[in-house]
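Just below is one structure, and these are the notes that go with it.
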C-alpha cells in the first residue's frame, strides 16, 4: 500500500483530480442555469421573473414605512413581493424602518420636538434637520409618520402611524422577502453607532434576505461576518457624478468595473437612467449595462419607479409601459424593480409581459378614441388618427366642425383657439362672441374657409398644464395635418383593424339658424360619397350627439347607429327618460364621475347607471380616460390600467372613450383576466374603499349629490330649418389702421386679441 504522505507526486495528482471534478461540477451547474434561462421567457440572470420590491411598503399611497403600507403589499402584489426597509439607527442603537436619516420630511417630528433641530455633515454637506441619531427610540414613540411626497394624498397622515422597528416589521408581518437598505453607514460610524453590529445582532431573530448599501466599505466590513448563509449583498449605485466615499471614485466610474463589485456583491441596484438614459424627458438609446452586469454574474435591480413620478414622454404618462420597457423589451430583463406602487409592478410582471402583438383579446369592450390618440399628438390630426389605429383602437372618432364654405372636418373644438395657432395667425381679427356657444370671445371654425384652416398649425391640448404644469409630448406639440371628414372616413375604410367610426355632431341648431350650415346633411352626404351608405365597406358608423334632436334627424334619414351623450354628471336616471332615449339612440355615453362619484379625488361609491341603462339594452360608453395620474381618483393608485379595469370588469361598461387608446387596447389582452383565480392586482377596486381607512377628521366633506336625469332633460324641439346664407366672404388680414364705422381705430379688439394670443401661447405652445 502506497503512503500518500510519503509520495508528493500522488498527492499532487489527487489534488488535480479534485480540482478537475470541481471545475466539471461548476460547468455543469452553469450549463444547467443557462438551460433554465434559455427555456424561460425572462432574460434575467437566473431566468426567474423579476422581483417586485416595495419601497417602504405601498408608499405611493400610505406614509412610507408605516405598518399599513407594509401590510398592504401582500394584499395587492405578486406572491414573494419583497418589503424594502431603509434602516436608520437611533441614539440608543435601535434599528428603525424609516425612509431617511433626516426625519422632517416624512414625520411630524418638528411639531413634537421643535427645538431639537441640529446640523451635521452628511456626505460632506452641512445639513440641518432632525436626525435619528439625536433621539432615543422612546422619544420617537411620540412621533407619527406622514406622506413625504406632496403630489400624494395627505389624508392618511391623520391615521397616527407610529415609527416601526426592523424587528416589528419582521415579527408582525413575516414578509416572504425582507430587504434592508443601509444608506449612511459611514455617517453612523462617525457618531459611534455601528450598523454592522446592529445587523449581526438582529439577524439572529430576523431573516434578512437582501442587504444593500452605496458604500463599498460597508460590505468589506460586514461580508465575512455573515458567512455563507447570510443575505444577498447588493451594491447600490447613486447618481453617476456622486462620489463613493470609501473608494473616492464616482459611481459612473464604478459602473465600468463590474468585476470588482462581483468580489463582494451578488447584485447591483441602479437608478433607471443607468439603463435607459433620458434627455429633456425623452428616452435615449438604452445602454448595455444590464447585459454587462449579467455577463459579470451580477443581478440588476432598477430603482426609481413611481406611478406619479415624471416619466419620459415616450411612455405617454403610463407607468405600466415604463415597467414593461425594463423587463420585456426583447433584449434583457432587469432582475427586480424597486417601486412605490408594487401593484402596478406586479401586474406588469404577471399580466402584461410577453403578450406579443398577436395576443388575443380577453375581454369584450370597445376602445374608442377621443380625437384620435390626442394624448400623444394634436387631436384630430392625421398623426393622432394613425397612432390610434396602430395602438389598437376599435373605433376612431371625429369631432365634426364646419368651415365657412361648408366643408365638414374633424377638430376637437368649434373654437379654433383651443386647438390651433389661429390667435397667432393673420386671422386673429375674426374673433367674435357667440352666446349660444360660450360667454368668451373666440375664433370659430365657421369664420374661416377650409383652405384658410389648412394654413393653421394644430396645437396639442394640455388639460393639466395650468394646475399641475404637466405638458404632453412637446416635440410633437404642433405636428400633423388637419383632416376633413372625407379623409377621415377614407382612412378608416382602408384600415383592416378598425371596426368602426364615431362622428360627434354638436352645435347643429346654431349652425343651421345663424350660419346657414347643415351639419347633418354634410355628414350624410360625405358618408355616401365615401361608400358607407351602399355597403361597400363593413366599417360600423356611429353618430354621437348631446342633442336628441340631432339624433332624431339622423334616424329619420339613415340607418346608422346613434349614440346619446349625457353631458352632465348624474347619479341616476328615470326609467321614463331611458325609454325616451331608447326611441332615438342605440347607445349612451356618460362620464366617469357618473359611474364612480368622487370627493376630493376619493371615490365615494358606485351608481347603478350602467346597470340600469344596460337593462334597456343600451350599451354604455364612458369618457374620458386619460393616462395622467392626476386624472384618476386616489383609489386607482395613479394607474390608468387599474381605472380601466374597475370600469370594465367592475362596473361592466361596454366601451372606453380614451385619449390614449394603447392603454385600453393593451388591457384587453391582459393574461390575468381569464384565470380561475384572478390575482389581487387585477381585482376591481372597492368603491369608497380607501375612505374606510381614512381617519374621521381627514375625511373629505360630503358633496351635494349629482342630479337625476329626467324626461325633461331628454326632450328638445326639433332642429330648425337651414337659414339662407349670406354670400360667403373671406376677409383677409386686418390692417392696424382699419377704421370702424364711427371712425375710431379698433384698439379695444386688438388689445383683447393680443391678450388672447399671449394666454394661448403660454398654455398650449410652450
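Numbers here mean position along the shown chain, with the first residue as 1.
Every residue gets a Cβ built from N, Cα and C, even glycine.
The structure displayed is predicted, hence computed values, not measured ones.
According to Swiss-Prot, the protein carries these features:
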- 1-35: signal peptide (SIGNAL)
- 36-745: topological domain 'Extracellular' (TOPO_DOM)
- 50-349: domain 'GP-PDE 1' (DOMAIN)
- 105: N-linked glycosylation site (CARBOHYD)
- 192: N-linked glycosylation site (CARBOHYD)
- 248: N-linked glycosylation site (CARBOHYD)
- 257: N-linked glycosylation site (CARBOHYD)
- 314: N-linked glycosylation site (CARBOHYD)
- 358: N-linked glycosylation site (CARBOHYD)
- 365-668: domain 'GP-PDE 2' (DOMAIN)
- 429: N-linked glycosylation site (CARBOHYD)
- 494: N-linked glycosylation site (CARBOHYD)
- 507: N-linked glycosylation site (CARBOHYD)
- 534: N-linked glycosylation site (CARBOHYD)
- 547: N-linked glycosylation site (CARBOHYD)
- 654: N-linked glycosylation site (CARBOHYD)
- 704-743: region 'Disordered' (REGION)
- 726-743: compositional bias 'Polar residues' (COMPBIAS)
- 746-766: transmembrane segment (TRANSMEM)
Exercise for review: Name the secondary structure element type, per DSSP in three states, that contains residue 507 (N-linked glycosylation site).
Suggested key: coil
Practice item. Please work out the number of neighbouring Cβ atoms within 10 Å of the Cβ of residue 494 (N-linked glycosylation site), leaving out its own Cβ. Key: 11
Point to revise | By Cα-Cα distance, the member of glycosylation sites 105, 248, 507 nearest residue 429 (N-linked glycosylation site) | key: 507
Exercise for review: Consider the glycosylation sites 105, 248, 534 and say which one has the Cα lying nearest the Cα of residue 192 (N-linked glycosylation site).
Suggested key: 248
Review point. For the domain 'GP-PDE 1' (50-349), what's the model's average pLDDT?
Key: 97
Review point. Once near-sequence residues are set aside, which residues in the chain of residue 534 (N-linked glycosylation site), 6 or more away, have Cβ atoms under 8 Å from its Cβ?
Key: 528
Check your understanding: Among the glycosylation sites 192, 257, 314, 547, whose Cβ has the fewest other Cβ atoms within 10 Å?
Key -> 192
Practice item. Check the Cα-Cα distances from residue 314 (N-linked glycosylation site) to the glycosylation sites 105, 248, 257, 494, 507 and tell me which is shortest. Key: 494
**Study point:** Sequence-distant neighbours of residue 105 (N-linked glycosylation site) in its chain (C-beta under 8 A, six or more apart)
**Key:** 99, 148
Practice item. Please name which of the glycosylation sites listed here, 358, 494, 547, 654, is nearest in space to residue 507 (N-linked glycosylation site), Cα against Cα. Key: 547
Exercise for review: Compute the C-alpha separation of residue 547 (N-linked glycosylation site) from residue 257 (N-linked glycosylation site), stating it in Å without decimals.
Suggested key: 68
Point to revise | Cα separation, residue 494 (N-linked glycosylation site) to residue 358 (N-linked glycosylation site) (Å, whole number) | key: 20
